[in-house]
Amino acid sequence: MSLVRSRFVNDRIVPINPEEKDDNLAAHFAPRRIAVATAAGVLATLGLGVVSPALAEDSVSSSARSITSPAFTTDGKPMNYAVNLTTGTTAASFDQAVSLAEQWGVSLQKYPQFSSFFIQSVDPQFAEDLSQALNAAGITFDSIGPTRQAAVTGDEVVVPLENPTTRAAANERASTGLADGSQLEDFTPDPSSSQAWGLSAIGAIEAQKVDVELDPVVVGVLDTGIAPDHPDLKDQINTDLSVGCQYNGIPRQGVENWADDHYHGTHVAGTIAAAHNGIGVDGVAPHTTLAAVKTSNSEGLFYPEYVVCAFVWAADHNFDVTNNSYYVDPWAYWLPNEPTQAAGLEVVTRAVQYADDHDVVNVVAAGNSSHDLDHPTTDDESPNDVGADNVIKGRDVSNGLDIPAMLDSVVTVSAVARPYNADAATATLSRSRFSNYGVKNIEVAAPGSSIYSTFPASRNYYGTISGTSMASPHVAGVVALLRGVDPTRSATETKEVLYRQAEQLYSRLAEPTDGSEYRGHGLVNALGAVLEDQPSAEVTLSYSTDAGKTWKEFSDATSIRDPFIVRAHVTGPATSVLLNVASDNAAVDALLPKLSQDADGSFDGDVTVTTEEIDPAELRSAARSSATSTENRSGALSLNETDDPLVLSIDATAYGRNNDARAADDTTVASIATLPEASLSVHPANAPADSLATSGAGSALILTATGLQPGDSASFSAGSLGLLGTATVDAEGVATLNWTVGKETEAATYTLSVTGAQGGSASTALAITAAPAEPETKAESFSEKSTATPVAARVATGLAATGADTPALLALVALSAVVGIGGVALARRHK
């Protein structure tokens with residue numbers, strides 16, 4: 001993870017101005033994402049097993065590349081090897097392969113979940129021997145090869161000490177200093193800065209002021225470790241989730257295994273999540289829990305077995321985010337088809353994809369060589385674990401991959417600097433002169449020059465350094481905010497939101513004048529993380545007219561006639577719920593419910609608020625208190641004070657977890673309900689609607705009811721006469737029944753009623769006069785004519801009458817008025 005490579009003067013970045021200091025911890029330079037089409041298309045065409053398993057499983061599995069490293073001379077010292085079987089290898093075949101490998105060595109860590117394992121062996125022909133054995137057993141494989149170029153020494157030696165060379169290797173203590181060419185370079189901290197400008201630049205300071213509920217989030221710092229006693233970090237570290245992977249990639253817990261023996265990991269950790277405790281600095285996401293995952297040895301080398309251990313640990317322990325400010329040693333660029341590099345590349349690729357498949361967002365530094373990551377050319381620095389004299393000069397890496405930065409699914413970060421003394425919150429930022437770049441490989445940009453953060457006590461607790469290693473943790477902190485705001489988002493969804501919000505700050509990045517495109521989607525946006533794309537609850541409004549036995553959702557034209565109750569059902573992250581039923585009529589509004597209920601804000605929340613029964617008749621009574629009677633269109637007296645029905649507005653609001661007025665996380669659902677009053681009128685079949693004429697016995701009447709539920713069935717009845725008939729209510733809420741008065745109908749005043757099957761009823765008085773007795777029949781001559789005038793049955797409805805016997809009809813009107821004729825009453829439906 002040589003953050004600074006030999007191309008820099010004295011292995012140090014020469015400052016351009018006081019804002020852009022040495023980057024001794026800066027992350028490795030490496031391209032990150034090749035556009036999917038390029039990675040899947042070009043690499044697959046070349047037969048490379050470096051695309052993510054999700055994309056490459058078929059190609060890798062079917063190709064079974066069988067790349068085998070040649071014999072490796074180590075003078076009897078042990079070497080570690082990666083063995084990658086074909087993905088999807090059965091458990092039985094996997095176990096058999098491990099057993100075969102153990103003939104020539106000791107198995108280290110095994111990963112049957114992606115068909116890879118590590119072996120330590122002193123046999124220089126281990127790879128070739130195992131290849132032949134696997135072929136003989138019919139077990140297909142992708143690659144077998146060393147994970148490093150230097151022999152294994154010290155505490156990592158686990159093979160039997162059967163010869164003096166092996167024993168000497170085991171007794172060789174690890175260097176207390178960094179290896180030649182290590183990505184970690186010794187460095188003298190700058191004087192402490194009073195301002196961590198990167199926090200202001202991405203809105204992290206303002207983000208901390210936003211009152212939003214954040215779920216717990218775990219960020220794994222895959223690095224040199226974290227200082228366990230740092231005052232800004234000690235309460236942020238979860239020791240149960242922290243681990244060391246630096247011994248053959250076998251996880252070891254205990255603080256002695258993950259404590260920082262450098263300073264790089266501690267500086268990174270502070271940028272992510274230094275506590276908001278009134279001392280030192282704040283991190284981007286102080287609410288975050290840190291897990292120290294030591295991924296380098298004491299020489300500052302990040303070997304494949306260490307890195308694989310770290311990613312699998314993060315995946316299996318449900319980390320939300322990892323920060324990766326390194327490249328995988330000993331190769332700056334790993335060549336997919338080179339026999340000594342293919343296996344290390346393949347196993348790291350599988351591990352990164354495994355973490356991504358387990359919903360981990362992996363953030364990676366782009367590196368500090370000022371290279372175009374889209375077009376790597378040559379490498380003069382690798383391998384970096386065997387001394388400067390053994391570095392391969394001019395190595396062609398045009399098809400090489402810097403890992404993990406160039407692997408699919410990771411978030412690769414470039415570094416930016418601010419102009420000298422400029423306001424970090426508003427300044428236009430430009431690419432840090434050391435930062436790698438590339439149109440296809442950079443996802444987002446973040447502050448990376450002169451970043452002030454935490455150091456171990458041995459380095460005075462705080463200091464300022466530069467590098468893409470410092471940019472990456474700014475992004476990891478923002479991802480932690482995003483996952484805290486909405487833990488239900490998948491890793492993929494979280495990255496989509498990260499990129500979309502970064503686009504809002506794209507204009508803050510200066511356009512490159514030299515073609516060095518570094519901006520990706522834009523500047524990472526901490527304030528956006530806590531204000532934009534906020535999760536909200538779902539609200540459903542419904543009502544019931546049968547005491548909650550059945551529920552109907554409100555529509556655009558909900559019409560309710562019977563007593564009813566209203567329910568607001570809220571699912572998801574709500575902190576409180578308000579249900580309000582209202583009317584423009586103050587007298588009516590005073591009778592309507594206004595309810596509220598607290599909720600816990602959980603994402604699996606389920607809250608229901610229900611009103612007491614609302615009686616439309618009671619509401620009409622309140623409305624009548626200030627109204628006068630009018631005539632309806634048929635001329636019948638109506639007890640409605642207006643032809644319009646009562647109208648109620650109903651709304652429910654679920655308040656979200658964010659109390660900032662700028663955050664749109666509250667959900668309101670509103671509806672309108674009308675409470676129409678049914679009315680009933682009677683007309684002769686041969687009379688217009690605005691008049692009422694009586695006909696003789698057996699007269700035909702039209703019974704018309706309005707204000708019913710469209711599509712309902714309306715039943716008409718008349719007291720002791722029983723059911724007169726039924727009719728279907730049309731789209732306008734009108735039901736019409738043609739009825740002929742029977743000649744034998746008893747003269748009386750009847751209560752004519754209509755009732756809707758789904759609710760709504762009305763009644764009026766109907767007076768029927770008796771038909772006179774038939775006149776006596778006389779024997780007359782054929783030429784005689786009767787002079788008797790038959791009296792037809794009289795029908796009245798309390799409306800103006802026309803025709804014969806007007807005085808009698810007026811009398812009936814008077815009688816009807818006594819019994820309520822001419823009134824329209826909305827009666828509660830009898831159950």
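Cβ coordinates are placed from backbone N, Cα and C, and glycine is handled just like the others.
The region 'Disordered' feature in TrEMBL is assigned to 166-192 (among others).
The Cβ of D223 (active site, charge relay system) has D260, H264, G265, V268, A269, A292, V293, K294, T295, S296, N323, N324, S325, Y326 as same-chain neighbours under 8 Å, each 6 or more residues away in sequence. Annotated active site, charge relay system per TrEMBL: D223 (among others), in sequence order.
Among the features that TrEMBL reports, active site, charge relay system is placed at H264 (among others). Reduced to three states, the DSSP call for H264 (active site, charge relay system) is helix. Around H264 (active site, charge relay system), taking its Cβ as the centre, 31 other Cβ atoms fall within 10 Å, counting all chains.
Of all Cβ atoms in the protein chains displayed, 37 besides its own lie within 10 Å of the Cβ of S469 (active site, charge relay system). According to TrEMBL, the active site, charge relay system annotation covers S469 (among others).
The region 'Disordered' feature in TrEMBL is assigned to 619-640 (among others).
For 620-630, the entry in TrEMBL reads compositional bias 'Low complexity'.
The compositional bias 'Polar residues' feature in TrEMBL is assigned to 631-640.
If you look up TrEMBL, you'll see 799-831 marked as domain 'Gram-positive cocci surface proteins LPxTG'.
Feature annotation from TrEMBL assigns transmembrane segment to 808-827.
The domain 'Gram-positive cocci surface proteins LPxTG' (799-831) scores a mean pLDDT of 35 in the predicted structure.
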